[in-house]
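These notes concern the structure reproduced below.
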Amino acid sequence: MLDSKLVRTQLQEIVGRLATRGFQLDVARFESLEAQRKAVQTRTEQLQAERNARSKTIGQAKSRGEDIAPLLAEVDRMGSDLEAGKRELDAIQAELDALMLSIPNLPHESVPVGADEEDNVEVRRWGVPRTFDFAIKDHVALGERHGWLDFETAAKLSGARFALMRGPIARLHRALAQFMLDLHTGEHGYEEAYTPYLVQAPALQGTGQLPKFEEDLFKISREGEADFYLIPTAEVSLTNIVAGEILDARQLPLKFVAHTPCFRSEAGASGRDTRGMIRQHQFDKVEMVRIVDPAKSYEALEELTANAEKVLQRLELPYRVLALCTGDMGFSATKTYDLEVWVPSQDKYREISSCSNCGDFQARRMQARWRNPETGKPELVHTLNGSGLAVGRTLVAVLENYQQADGSIRVPEVLKPYMGGIEVIG
């Protein structure tokens with residue numbers, strides 16, 4: 001959530017920066033609610049001051065032996081008016097809060113301005129896509145060859161956009177996740193966490209999925225109890241570890257990593273990536289989250305992105321890094337890098353990781369703070385998150401990039417210890 005004081009004092013600048021994201025702030029509504037809030041707040045404060053003064057008068061009149069019944073009646077009336085004013089102020093503030101929760105983060109000045117993914121800027125590439133001397137297969141054909149990747153049975157169980165993995169491919173999927181966790185904990189300094197897969201609405205509001213993107217979530221309604229939501233990413237549970245906390249400066253940076261399933265309705269993805277594992281309702285992801293000193297968050301973004309890149313480098317998978325433009329960034333991000341891995345069957349790079357600095361946007365929603373030793377006061381932290389990596393899409397890339405002419409798959413060198421020494425699948 002943006003700082004409401006910043007929006008009030010720099011409204012036109014904020015409107016302009018949001019417009020680069022394709023977001024049109026309802027200025028008339030904001031100014032109307034602000035005017036109402038100020039008027040009611042002023043009236044309520046004046047009424048409170050008058051009531052306090054009248055209350056003092058009652059004591060003085062009583063000591064003089066005067067009839068205080070009229071004064072008591074007036075104070076009671078003022079009390080009723082004051083309660084009504086507070087209720088009105090609360091209602092206006094609730095509308096303002098709802099409006100503020102609908103506004104995306106401001107793009108950092110270094111973010112390229114653009115409308116959509118066509119305006120993203122390539123930053124660098126690593127590796128060279130392999131040249132095949134045989135007709136390549138996609139991951140679906142490779143996986144179904146021995147029944148180790150079974151979309152038909154998955155559809156029987158759960159419908160479209162699910163996968164059933166068996167045998168060596170299931171093991172390879174597990175090996176990838178274990179390798180990613182070991183790399184991030186052993187070399188990159190992250191603390192592994194096991195988090196709930198079900199969270200309540202405040203956690204999703206804290207990281208920005210609610211209230212705006214509820215249709216993208218799977219919701220479990222419970223009669224008489226708070227609803228549950230299946231996590232769309234471990235970013236939600238990991239980042240909310242610090243919700244409502246005031247951290248000591250010595251605790252920063254916090255670096256968490258978790259391997260979880262992720263659940264998404266893919267409400268806006270009708271007709272896209274209907275074949276295979278690229279876009280699923282349920283998929284595994286290794287997620288990295290950092291909680292940092294605000295002065296160090298952009299440096300932390302570069303490190304976070306490098307951590308995700310290291311996974312692809314160790315797997316020897318060609319990839320590129322994109323700086324997302326203003327119109328393609330996620331709701332909570334102020335700056336984002338996407339990693340795209342080479343997918344031979346599609347002859348193009350596909351997203352496999354998104355690494356974002358959210359600044360104080362999520363922290364303000366969560367009230368996650370640290371005590372700044374220079375001021376001695378609690379201040380908002382900065383939060384970052386990134387995929388390190390999406391396990392299913394990494395599996396797709398491994399299957400396709402390591403395929404051989406006979407349809408078998410070479411196991412990447414770095415995964416062999418996790419595969420019991422198996423060198424070839426199929």
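Just so you know, glycine gets a Cβ as well, placed from its N, Cα and C.
What Swiss-Prot lists as L-serine binding site is Thr233, Ala234, Glu235, Glu287, Ser387, and the listing cites sequence analysis. Counting every protein chain shown, the Cβ of Glu235 (L-serine binding site) has 30 other Cβ atoms within 10 Å.
If you look up Swiss-Prot, you'll see Arg264, Ser265, Glu266, Glu351, Ile352, Ser353, Ser354 marked as ATP binding site, on the strength of sequence analysis. Counting only residues at least six positions away in the same chain, the Cβ atoms of Ala308, Asp338, Leu339, Gly386, Ser387, Gly388, Leu389, Ala390 sit under 8 Å from the Cβ of Ser353 (ATP binding site).
In the three-state DSSP assignment, the secondary structure recorded for Glu351 (ATP binding site) is strand. Every protein chain shown contributes to the tally, and the Cβ of Thr233 (L-serine binding site) ends up with 22 other Cβ atoms within 10 Å.
The CA atom of Glu287 (L-serine binding site) is located 10 Å away from the CA atom of Ser354 (ATP binding site).
Taking Ser265, Glu266, Ile352, Ser354 as the binding-site residues under consideration, the smallest Cα distance to Glu235 (L-serine binding site) is found for Ser354.
Within 10 Å of Thr233 (L-serine binding site), as judged by C-alpha distances, the binding-site residues found are Arg264; the full candidate list was Arg264, Ser265, Glu266, Glu351, Ser354.
Counting neighbouring Cβ atoms within 10 Å of each of the binding-site residues (Glu287, Glu351), the lowest count belongs to Glu351.
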